[in-house]
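What Swiss-Prot says about this one:
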- 11-59: disulfide bond (DISULFID)
- 15-35: disulfide bond (DISULFID)
- 21-42: disulfide bond (DISULFID)
- 25-44: disulfide bond (DISULFID)
- 1-60: domain 'LCN-type CS-alpha/beta' (DOMAIN)
């Protein structure tokens, strides 16, 4: 699947470089990833079906963990 990976607080990962997002996505078993610069967030392609991605829920910043 594709989407914005989220941390424990349901927050997207902010980015400025494609390399950061590629590493983050590959760590989550995705095929690839990049920094979507229109909203400065990592976007992953080829994630496993059970990987959490951003949905309509609110971001709870206290939950940031890698």
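Heads up, the Cβ atoms here are built off N, Cα and C, so glycines get one too.
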Three-class DSSP secondary structure - residue 11 (disulfide bond): coil
DSSP residue counts for the domain 'LCN-type CS-alpha/beta' (1-60), split into helix, strand and coil: 10 helix, 17 strand, 33 coil
From 11, 15, 59, the disulfide-bonded residues whose CA lies within 10 Å of that of residue 42 (disulfide bond): 15
Of 21, 42, 44, 59 (the disulfide-bonded residues), the residue whose Cβ has the fewest other Cβ atoms within 10 Å: 59
